[in-house]
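Enquirer: Can you read through this structure? Questions will come right after.
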Amino acid sequence: MATWNASQIILNSMSNIIESPQSKPRPVMASNGASLFIPVTMEVPCDQGTRMWWAFLASSMVTFFGGLFIILVWRTFKYLWTVCCHCGGKNKEAQKVVNVASSQVTDGDYKPTDDKEEVGVAEVGWMTSVKDWAGVMISAQTLTGRVLVVTVFALSIGALMIYFIDSSNPIESCQNFYKDFTLQIDMAFNIFFLLYFGLRFIAANDKLWFWLEVNSVVDFFTVPPVFVSVYLNRSWLGLRFLRALRLIQFSEILQFLNILKTSNSIKLVNLCSIFISTWLTAAGFIHLVENSGDPWRNFENSQDLSYWECMYLLMVTMSTVGYGDVYAKTTLGRLFMVFFILGGLAMFASYVPEIIELIGNRKKYGGSYSAVSGRKHIVVCGHITLESVSNFLKDFLHKDRDDVNVEIVFLHNISPNLELEALFKKHFTQVEFYQGSVLNPHDLARVKIESADACLILANKYCADPDAEDASNIMRVISIKNYHPKIRIITQMLQYHNKAHLLNIPSWNWKDGDDAICLAELKLGFIAQSCLAQGLSTMLANLFSMRSFIKIEEDTWQKYYLEGVANEMYTEYLSSAFVGLSFPAVCELCFVKLKLLMIAIEYKSEKGESRILINPGNHMKIKEGTLGFFIASDAKEVKRAFFYCKACHDDITDPKRIKKCACKRLEDEQPSALSPKKKQRNGGMRHSPNTSPNMMRHDPLLMTGNDQIDNMDSSSVKRYDSTGMFHWCPAKELDKVLLTRSEAAMTVLSGHVVVCIFGDMTSALIGVRNLVMPLRASNFHYHELKHIVFVGSLDYIKREWETLHNFPKVSILPGTPLSRADLRAVNINLCDMCVILSANQNNIDDTSLQDKECILASLNIKSMQFDDSIGLLQANSQGFTPPGMERSSPDNSPLHGVARQASITTGANIPIITELVNDSNVQFLDQDDDDDPDTELYLTQPFACGTAFAVSVLDSLMSATYFNDNILTLIRTLVTGGATPELEALVAEENALRGGYSTPQTLANRDRCRVAQLALYDGPFADLGDGGCYGDLYCKALKTYNMLCFGIYRLRDAHISTPSQCTKRYVITNPPYEFELVPTDLIFCLMQFDHNASQSRASLSHSSHSSHSSSKKSSSVTSILHTASANRQNRVKARDSRDKQKMGQAEKKWYTDETENNYPRNIQIKPMSTHMANQINQYKSTSSLIPPIREVEDEC
């Protein structure tokens, strides 16, 4: 009956349409009297009481399975055609080959005779071109393809929005296409989707797999129902929610638009899009079945749920909460929930935590640096750890640097740990951290490297492979320079030979401020200077590090040491009041009046080149705009040299009152060198050695035609390297410098340097050349060079020998520094310095064990006992030696008096400097100190005494170089013996020094100052040694001998009134004027090159160690101990004559230090006869005096 009523209603409606096509909808009465309002259109009438969902679903299913059936039939037909015609195809192909061959035989050229083949080829080409065109249209490789892909995605999201709007209506309802605006828009969208589907179908290589793709399935179940809706005048939500699956392609769309560039951002968007699209799609299915009901139950169990309630239900289901307020009632809904909860739970548990982690990390260390107006920033990269960053920030942000208006941006590819993060938060106002790599241009853009003031690259000083670490830093330099060639880069390098690779970078230019701080070069240079003046390594390390002043009231050695530690190196332009004065006069005025210690100036030549001159002497006159190098406690004190005015400040006694006056001076226009930005970019001070021939004093060495040049240097003999900065000899074979233990025992070495090396074939190279070069500087005369004896593994030394074979006075004893027999063979108790180095740092998990060999060797030497007969001999052969003190032999010691304990009976008195890798291991070197393990290195007794050195003290050079690159030039000039960029380029080319002929230009490079220690017990300064003032000593040494004093090396217990047996000394840097001296003090000084030392070895007192001066007062120094020197020379000659007589009986030839007949003034260690060897052994056993074997040498 109900079916008949529905049919009657439809017939009545159709009759109305036929009678009046323009009639409006009107109520139709059913047989049961019910009134139904049905919108009537021209096409098909809509009945609200009838459900037509099957028609919409059938359209999609017919489209999907119909197309799938056609594709399968076509593939089957094609396969059968290929199989059936396979044999026939072979016959045709064979016939074709025969025809071609016959055609070539008759005509000579191949001419196609089958016109049908031409048509086939043309048809295939047309189909291929259409397919290629469709592929280009839908690909993102072209602009058109990208626009089309983005448009399709945007329209899919629009269709999904229309679905959200329609979801508030019933699942199925009557709608007039001409009046429903949303249906019209949805129709337009789906027409576009249909066209795009056709392009994709044409471009697809495999039609079957294309038909089964997710995007194709979405089109099947969303496009056909729209056309059915127009025809039936009714709407069915159906499966339109499948458009949410298009969100999976969101990350691809953003990549096409170049919005997503990093892997983390792509991963984050992928996870979010998959999660959201799955959530929305599942919610749409639940919304459909719950609002429709089960078909087999005649849709009676439906419930009214909005789409958003379904989303809520799916979320609480995935999270396994399940409150129960909303739940599925239909069988289809519950069945779907059973399967969805398995996948949804897995997705929720894996995707959500990962999304939260990515979002958290991205907000923390992502993003880009925002530059602050008026504030500079630097980028720090490389080895970023808690230790390296804390050391860097401690020195860079030190309060003594005045106001540092620079922001520090750290860039590293690993996120910081909690401790490092806390350090960044502590300095959050000046420090920022970004996660990334300098090898990635995108990350360089994030930190604004193009606007950065400089880029600093830190190295891992404790790595197992130094060459690999240097290679990494060089790659960082290449990447940064490739991104921005003009950026200033300061990088740390571990190995000296790797600095050469930086010269291969086209945009690397040290004249523009680029610097490479070679840790091995400077570390070994510091240690080498300690061989010449013990304790100097500690003083220099403290000068170039920022230390806060620590006040101690007790009268202990720590009080005076810490007062000196507070001093640093600064630069400042000199006031015009100093113009025209000589360098010593300015130094005296600054020290006495301004309480400043000036040690060097920057000299600008007429060509505009700049050079750093260290204590140039009284011939140098100060010019306008001269830059001075000062030792002071803070930057404000150095400003006195810039503000000083003779008219206003001449009568002021308090230096704190010297401030800027009202006088108009030219200095006001000069920029301050204390600015964090480097002011001088000409780089001339590093263009050549620190001296220049045209500004040397007029002494006999440089006078043309002088006999000295003819006598000292022949044009046919090479004694110096090509730059004239170092002593040089022809390359020697390794076997010629080897000593056996017996040979070394028969050679009484004295005043030499013993270098103990721990290394093997697998150890990283130390770069011992950097230790030897400062000891072979040309500002020493040949007879002043200390003999160097290496004790260590021969396999390791062979690897280093290529860089050492051009240096004179070098010997090797294969053995181990832990062997007391080897140490006694090289007379370690008579050495001027024992250096302990280690290269065994590989594969050690515990960092505290990296120094085990060096610590064991140091303790081993200190526990050795010696016979004091050798010491008595040395003491008796040298006059004017204070009690408990002894001077080195003038023939072996370059400084004529570096203090050393006489009559050494215990190894504790042997001067030793030990290299440490781990700072905390310094506590094991001295057993009698009370240093706490947590004490900083510079506060420990071994470091204060100059017996320990660690590479960590060089960390401060990074910040010091950034604020003023002249500082690095000064320190390299002081510790390397005169290494220049030209010499580095030469070493990079040949990996060895090249000999050069002696010319006036190269000989002029010898005229540069050197560091020495001045004894106060006897000599011209003896009157000041007992209670005198340090300021009086400073002025007297400067006026009389052009010697610039800058520190004291004092006995540790000198302040104690009772006598002490302790021979340890500590360093006092830049003591004040009124500082009281004691007789046992040794004074650090910068002395001039002595041109007359080659004429007379004993022309100076062993106590004064003063250099030659053009002043007439220099003659008084020669006459002070003339008698003692003459007597000593007579003893030397008598002893040498006896040795020559005994050597005539020798049966064995020993090595010569240089090639025979090549160097007329060579050193020869003369052989001994068997009788003399037995006699020496007898002397050793009976504690008799051993006559030392002297070296026969001529002076150069």
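Note that Cβ sites are derived from N, Cα and C of the backbone, with glycine treated the same way.
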Enquirer: Tell me which of 304-326, 442-464, 557-579 corresponds to the intramembrane segment entry in Swiss-Prot.
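Expert: Among 304-326, 442-464, 557-579, the range Swiss-Prot annotates as intramembrane segment is 304-326.
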Enquirer: If you check the topology given in Swiss-Prot, are ARG51 and LEU986 found on the same side of the membrane?
Expert: no
Enquirer: What does Swiss-Prot list, out of GLU407, GLU419, GLU421, as binding the same Mg(2+) as GLN430, GLU432?
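Expert: Of GLU407, GLU419, GLU421, GLU407 joins GLN430, GLU432 in the Mg(2+) site that Swiss-Prot records.
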Enquirer: Show which residues of the chain containing GLU407 (Mg(2+) binding site), separated from it by at least 6 in sequence, have their CB under 8 Å from its CB.
Expert: VAL372, ARG375, LYS376, HIS377, ILE378, GLN430, VAL431, GLU432
Enquirer: Compute the centroid of the Cβ atoms of GLU407, GLN430, GLU432, then list the same-chain residues not in that set whose Cβ lies within 8 Å of it, in sequence order, for the Mg(2+) site.
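Expert: Other same-chain residues with Cβ inside the cutoff are HIS377, VAL406, ILE408, VAL409, HIS427, PHE428, THR429, VAL431.
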Enquirer: Could you say whether, by DSSP, GLN430 (Mg(2+) binding site) belongs to a helix, a strand or a coil region?
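Expert: In three-state terms, GLN430 (Mg(2+) binding site) counts as coil.
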Enquirer: Just to be sure I understand, if DSSP states are collapsed into helix, strand and coil, how many residues of the motif 'Calcium bowl' (914-936) fall in each?
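Expert: The motif 'Calcium bowl' (914-936) comes out at 6 helix, 3 strand, 14 coil.
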Enquirer: Determine the minimum-neighbour residue: among GLN430, GLU432, listed as binding-site residues, which Cβ has the fewest other Cβ atoms within 10 angstroms?
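Expert: Comparing Cβ neighbours within 10 Å for the binding-site residues GLN430, GLU432, GLN430 has the fewest.
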